[in-house]
Amino acid sequence: MKWLKQLQSLHTKLVIVYVLLIIIGMQIIGLYFTNNLEKELLDNFKKNITQYAKQLEISIEKVYDEKGSVNAQKDIQNLLSEYANRQEIGEIRFIDKDQIIIATTKQSNRSLINQKANDSSVQKALSLGQSNDHLILKDYGGGKDRVWVYNIPVKVDKKVIGNIYIESKINDVYNQLNNINQIFIVGTAISLLITVILGFFIARTITKPITDMRNQTVEMSRGNYTQRVKIYGNDEIGELALAFNNLSKRVQEAQANTESEKRRLDSVITHMSDGIIATDRRGRIRIVNDMALKMLGMAKEDIIGYYMLSVLSLEDEFKLEEIQENNDSFLLDLNEEEGLIARVNFSTIVQETGFVTGYIAVLHDVTEQQQVERERREFVANVSHELRTPLTSMNSYIEALEEGAWKDEELAPQFLSVTREETERMIRLVNDLLQLSKMDNESDQINKEIIDFNMFINKIINRHEMSAKDTTFIRDIPKKTIFTEFDPDKMTQVFDNVITNAMKYSRGDKRVEFHVKQNPLYNRMTIRIKDNGIGIPINKVDKIFDRFYRVDKARTRKMGGTGLGLAISKEIVEAHNGRIWANSVEGQGTSIFITLPCEVIEDGDWDE
């Protein structure tokens, strides 16, 4: 496996890193170049078509001024034919204010003249008096092409008299961009090949001295300190080789002088940053450092000469003979007033003959570590709250399958599909919780999608309704389809948090209400989730979105709350340009309000 060893060498790694840096640099440059080039080409194309359309608009206005709307049709047809001789123009139509097609440049569409245009973009241009554009796919005889549709209303005396509808073939722009990209890729490949060759030789000059030092290290580990590393230059590698040779020489000189005191010095030097207590063979304290005095909260004169086990309050638990046999460490409360906790390690000082000459106790302050451990356990408990809902839902479907639903050819695949979706969402949910700090730094990615909110919220309610048999769910959701743009996984987490809290704190005849209202004027909707629970004191309502805040710690822990769910929900909602707040009356229940951007879509609103 010589080739595998060569692949793992520093020389190969340097070449790989060098090549990767070049690749990354070229990718960044290529991405920047391509994006800007595409934008520039598209902008120029649209600018030319727009100027072309404005010239046609001026010509049509003159025809209307001279001949009026009744006698202008033939002249307009001639104008459109003159302006349609450009290669990128697919078709030009003129549509009057009543959406009637007056003229078209496409021979096959002449049958559409004097018929009503049903295109929503035309209707929008006529009603608003403003130009608009969009992309469509259309077949001009050679397969589907990308077509840029541009509408510009024609006005006479500030009144809209019609609309110019232009279809322009934008595919040539993308073909030109693809050709440029191919040239760039070939150039990158050639540069990469040259980079690999240069990287191999450059890495060789760096790794050769390091390889020599590695070989010398192997010899030193065998006790051979006579060899020296060859110095190739005066750079950092050369200085390192010189320092390595000096080190080898000093180790050789020090080895003979330190062997007899090695065990004692190693024990003391290794633990100097901790509390050190050294005793004689009878257990009386002879040496103690300042850290040990500080940890014990005692003066040196109150310790020297006393029994170590008595000072540590361990005389009832251990004997000196047991220390020699038991090397396990344990925690000890040294200073209850300051809450100081230390991990104590005992070791014995033994001569070569096996005679015990003393004992050493090492006190390591683990107060902060213990506090971190407590916080870690609390964090794990908090995270478990966020995982409970998907696990419960999965359990419900699995139980249904175990009870016989697997035999149903329609239900079984649906149940398995939902179970798989919940498993994947649970994994993403854990990652989101662990990356809460990324949300603070605005580095957490939001993957937005166009969502049918009615279907989205009903699906969530249905899932909770299946797992919570003792809770009544009341829905007040508009029949009109509401579309919004957000990350479905993160917003599912928000609604799961709010609904779970509503069910958890409801009392008696549990009831959770869902009210959705939209405000078309501002393109926003408000979701209200109300429970009949225990409520929140008015002076604490604004604090429930703080991280790890609990209204009643004992009650919240008993019910499994973490104090983290609503804080995460607030971060997610605000990342979607929304807002979340609460209203509550103690003893009567709590309402959580969420506002999000939205758009109500009715029939005919989509572009054809």
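Backbone N, Cα and C define each Cβ position, glycine as well.
Record features, source Swiss-Prot:
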- 14-34: transmembrane segment (TRANSMEM)
- 183-203: transmembrane segment (TRANSMEM)
- 261-331: domain 'PAS' (DOMAIN)
- HIS271, ASP274, HIS364, GLU368: Zn(2+) binding site (BINDING)
- 382-600: domain 'Histidine kinase' (DOMAIN)
- HIS385: phosphohistidine (MOD_RES)
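With a threshold of 8 Å between CB atoms, the same-chain residues lying at least 6 positions outside the transmembrane segment (14-34) that come near it are 177, 180-181, 184, 188, 191-192, 195-196, 199-200, 202-203, 206-207. With a cut-off of 8 Å between Cβ atoms, the residues of this chain six or more beyond the transmembrane segment (183-203) that come close are 11-12, 14-15, 18-19, 22-23, 26, 30, 33-34. Within 10 Å of the Cβ of ASP274 (Zn(2+) binding site) there are 18 other Cβ atoms, across all protein chains.
Here the Cβ of HIS364 (Zn(2+) binding site) has 17 other Cβ atoms within 10 Å, regardless of which shown protein chain they belong to. The average pLDDT computed over the domain 'PAS' (261-331) stands at 77. GLU368 (Zn(2+) binding site) counts 9 other C-beta atoms within 10 Å of its own C-beta, drawing on all protein chains shown.
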